[in-house]
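Visitor: Before anything else, here's the structure in question.
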Amino acid sequence: MFAEFLQFLFSGITLGATYALVGLGFSIIYNASHVINFAQGEFVMLGGMGTVFFLGLGLPMPIAILAAIALTTLFGFGLEKLAIAPARGASVVTLIIITIGASIVMRGLAQVFWGKEFHAVPAFSGDEPINIAGATILPQSLWVLGVTVLLVFALRYFFDKTMMGKAIIATSLNRDAALLMGINVKLVLFISFGLSAALGAIAGILVAPITLTNFEAGIMLGLKGFCAAILGGLGNGMGAVAGGMIVGIAEAMGAGYWVSEYKDAVAFILILLVLFFKPSGLFGKTGTERV
Amino acid sequence: MLKIQNLTSHYGRIQALHGVDLEVNEGELVALVGGNGAGKTTLLRTISGLQDASGGSVSFEGNDITDMVANKRVGLDIAQVPEGRQVFTALSVEDNIRLGAFIQKDKARIATDLEKMYARFPILKEKRNQAAGTLSGGQQQMLAMARALMSRPRLLLLDEPSMGLSPVLVMEIFAIIEELKEQGVTIFLVEQNATAALRVADRGYVMETGKITLTGSGENLLNDETVKAAYLGI
């Protein structure tokens, strides 16, 4: 009984960590530009599929992973430079639609170049499950969790302690005032897209050995990450992490104790509930400001 | 130091500045007064680069900066205290001040300047770890000033520093402005509080519907009948 629960919990936090990383990607771009980047899921796909591609070229695993992250980051920079920056001054809704278009293009390119088949990335350190109190956990799950924790702390450090991180926050809070400080807000936007793409790629690479990947793998992962970001309050980094965990665990519990066919519905039911009862998200600010 | 010639600016199809000519010399305190919607803030935003000019020119120390992007102008030692403070509400008071020295790489200089700001505005030191959004209006104005001063500006643009403040705080702000002038900072002050502004100013300009309509020494403008009637409420 308890072992079963633990089993669902393990798979929940593994999924949750992935959603958290995707959600963080949404938050970073949202903070810098108020744009919800619907190509975030495609960054996740590019990470996984890129790794498959570079492994296929005969590159060793670590190099293939770095190359896939670099490739995805380039796509992030490219999305900003070629699609978002030229539309400067357009409404946020227009920019969001541009990201939807970009996601379709990326998916299409992946399909043309890499085909429709599912691909597996080998696990980083074996497939031998580890037994904990009657439940098992894959070594890859530990990779997912460990890297997520590391990245969350690294991002916290970046935004709390470095001037560049604070400049990104300042830009999101008040673009004009940021310009007056000498902050290059165009560069901030550029960096944010690159950073989000890299995060997405890492999530995609980490999860690819567990879930397999293909050109469409980003759609669901992107939407779940979006749920995580909304659930935690858009733009709230730690909220996105908590949101990701909640979505992941709820999904695993739903699949385990309810019907596994509806596991994808769990995330969307959660997001509907949050939007009905607390639209600013569980940890979102309600926007009280002193004038 | 700052020379503006025949400057025009538009918001879409609406023209906000109709050919403004204005000059600020080194070491001067120049005030720009005028009613609501006269274009004062637009002029200041065009000088700092937040608003695009549609014609004419802005030059600083002989160099045309009309088309220079806003974030580069800080490097020329131009700083602006924007209308309505515009502090970074969710960041701490200290982070706000430090961002004022964003382009400054010399850490020792930043540290000394930070201490100077805390000495000048003790209330900011007391609240250094609070979010800037929790400060009162007057404290936010002090913060916006401190933030701008961190770049050690040679030209300081002040937009309505007294807006929404109590009379005591207004006096305090103006005392700081005079002190800065004595330290050799060139100041261009935009104010609706015409009396206070013209009293401290070397020279003044009066602006109406996007045009400069009157100019003279601060004293002369204070005694000018039309100015008195229109802006001083005498």
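Note: Cβ is positioned from N, Cα and C throughout, glycine not excepted.
Pulled these from TrEMBL:
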{"type": "TRANSMEM", "residues": "A:12-32", "note": "transmembrane segment"}
{"type": "TRANSMEM", "residues": "A:52-77", "note": "transmembrane segment"}
{"type": "TRANSMEM", "residues": "A:89-110", "note": "transmembrane segment"}
{"type": "TRANSMEM", "residues": "A:130-159", "note": "transmembrane segment"}
{"type": "TRANSMEM", "residues": "A:187-211", "note": "transmembrane segment"}
{"type": "TRANSMEM", "residues": "A:265-284", "note": "transmembrane segment"}
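Tell me about the setting of these features in this model.
Guide: Among residues of the same chain six or more beyond the transmembrane segment (A:52-77), those with a C-beta under 8 A of the stretch's C-beta atoms are 42-43, 46, 106, 114, 119-122, 124, 190, 193-198, 200-202, 204-205, 208, 213.
For the transmembrane segment (A:265-284), the residues of the chain that approach it from at least six positions outside its boundaries are 223-224, 227, 230-236, 238-239, 242-243, 246-247, 250-251, 254-255, judged by C-beta separation under 8 angstroms.
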Visitor: Counting only pairs 6 or more apart in sequence, are there at least 3 Cβ pairs under 8 Å between the transmembrane segment (A:187-211) and the transmembrane segment (A:12-32)?
Guide: yes
Visitor: By a Cβ-Cβ criterion of under 8 Å, what residues six or more beyond either terminus of the transmembrane segment (A:12-32) are in contact with it?
Guide: 40-41, 43-44, 137-138, 141, 144-145, 148, 151-152, 155, 168-169, 171-172, 188-189, 192-193, 195-197, 199-200, 202-203, 206-207, 210, 221-222, 224-229, 232, 234-237, 239-241, 243-253
